[in-house]
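Worksheet for the structure shown next.
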Amino acid sequence: MIPVLLNMALTILALGMLACLYRLIQGPARSDRIAALDTLGIHLLAVIAVLSMQQRTEDYIDMVLVIGILTFIGTAVLARYIERDAVIEHGGDKLDR
């Protein structure tokens, strides 16, 4: 029963990834594309976790953590890019407090 449920989960996640990929390509705004990219990263984490359960190994958990951190950092950088139209600011800008 468990292998059937894991295969169903992988199928549902694959369909979700296709929907995110469509929004990433066709998104009318930058914010739509960033949200789709973030959601695609979350789906990737879930797929790796399900594959880890399916293969009964814990070897992929480190990969899940690294991809999760990279997804978070990428989303934060892209959100800053939308806010200021620059990732790195040049000049004598003071820190916002």
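Including glycine, each Cβ sits where the backbone N, Cα and C put it.
Here the transmembrane segment (6-25) has Cβ contacts under 8 Å with residues 32-33, 35-37, 39-40, 43-44, 46-47, 50-51, 53-54 of the same chain, all six or more residues outside its ends. Residues or ranges marked as transmembrane segment in TrEMBL: 6-25 (among others).
Below 8 angstroms of C-beta separation, residues 3, 6-7, 9-10, 13-14, 16-17, 20-21, 23-24, 27, 60-61, 63-64, 67-68, 70-71, 74-75, 78-79, 82 of the same chain, each at least six residues beyond the ends of the transmembrane segment (34-54), sit close to that stretch. For 34-54 (among others), the entry in TrEMBL reads transmembrane segment.
Counting residues 6+ beyond its ends, the transmembrane segment (60-79) has Cβ neighbours under 8 Å at 34, 37-38, 41-42, 44-45, 48-49, 51-52, 87 in the same chain. Taken from TrEMBL, the feature transmembrane segment applies to 60-79 (among others).
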